[in-house]
Amino acid sequence: MAQFECTEHMESFLRELPKCEHHVHLEGTLEPSLLFKLAKRNNITLPESFPKSVEECTDRYNRFADLQDFLDHYYIGMSVLITENDFYDLAMDYFAKAHSDGCHHSEVFFDPQGHVERNIDIDTVIQGFHRACKDANSKYGTTNKLIMCLLRHLPAENGLQTIHSASKYYEDGIIHGLGLDSSEKPFPPELFTECYAHIKTNYPGIGLTAHAGEEGDHTFVSTSLDLLQVSRIDHGVNSHQNEELMKRLATQETLLSLCPLSNVKLQVVKDVAELPIAKFFEMNVPFSINSDDPAYFGGYILDNYKAVHTRFGFTMEQWKVIAINGIKGSWCDDDRKQELFELVEVVYKKYAVTIDA
Ligand SMILES: [Zn+2]
């Protein structure tokens, strides 16, 4: 249903435009090629029903029957991650790809509970990811932050224990945020009030976010704002159902981290064109565009930008506003934000001037 052309000039502009990613699960960046490599390295026998080659795997990922079908593959994928080096390699592959897509700042999710329940030490997970964040910074000049997510299908007490076992990483500034993911509807935000309150009280500088309004309705978004006191909402697509909420998001400048291609793959909408992105833009609700689980959903950050462009035909001026909102809503310091604002201006001038000439 693409209505607008993404010309070569526009594609180069979108690639070069300094982008920030706020919604990507590192475990969801496990490409089939790395999956098979790690399975071999760790002597893991994949289930008989699992695809046997990179090609078969890619093909299978193109036709998930539903959310559960995706999750089944996702958890088998996770089972090949064993050592600190595995977590490091996974994150480095993502940072390399994000860098080649023109992403300058990434705030990445990880799910420690999904590893701890497989008897992997939480330190192994965090140290591998943290080393990759540092190395990506020196190799590519990108800035990167880790956001620990709690799996909402597990009890809140388990979430609280996970926060306790990661406490030294919050204290040392190695983890920068708390998030909430996994199946939304049966596990509303209010179940996790205590987990969020604990972080807010003990680590006041830590960013708070939560997946809300993807399969849940707009009340999941307002409850996350009211009870969990998050400053950002992951997805938040269903916010458009309530005018008051939309005004609130605009006034408070609460960033929604949208994931267009993921929404299509998981059948939130049939096509990117159905997403209320134009409405968010018109009502000044800030949003960023992200990849969610790119190895499974067929696209990294630039693919998502292009998909939005071909449906909404934003002008370069409008794309500049989107990039600026992404920087404003990031959890990097003011100096880094200033650097990125200036870079946006440079890229915008380079491309907008070429068009005028
Ligand atoms: Zn997500």
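First residue shown is number 1, and so on along the chain.
Quick reminder: no glycine exception, Cβ is built from N, Cα and C everywhere.
Taken from TrEMBL, the feature domain 'Adenosine deaminase' applies to 18-345.
According to DSSP, H25 (Zn(2+) binding site) is assigned to a strand segment. Annotation source TrEMBL lists Zn(2+) binding site at H23, H25, H211, D292.
Residues annotated as active site, proton donor in TrEMBL: E214. Sequence-distant neighbours of E214 (active site, proton donor) (same chain, 6+ apart, CB under 8 A from its CB) are E184, D234, H235, G236, V237, N238, N263, V268.
A strand conformation is recorded for H235 (site 'Important for catalytic activity') in the three-state DSSP classification. Per TrEMBL, the feature site 'Important for catalytic activity' maps to H235.
The annotation substrate binding site is assigned in TrEMBL to D293. Its Cβ taken as reference, D293 (substrate binding site) is surrounded by 25 other Cβ atoms within 10 Å in the chains shown.
Taking a C-beta cut-off of under 8 Å and a sequence gap of six or more, D292 (Zn(2+) binding site) has these contacts in its own chain: H23, V24, H25, G28, C259, L261, S262.
There are 27 other Cβ atoms within 10 Å of the Cβ belonging to H211 (Zn(2+) binding site). Close to the recorded Zn(2+) site, the chain also has V24, G28, F109, D181, D234, H235, S257, C259, S262, N290, D293: residues not among H23, H25, H211, D292 whose Cβ is within 8 Å of the site's Cβ mean position. With a CB cut-off of under 6 A applied against ligand 1, the recorded positions E214, H235, D292, D293 are reduced to D292. Within 10 Å of the C-beta of H23 (Zn(2+) binding site) we count 31 further C-beta atoms, all protein chains included.
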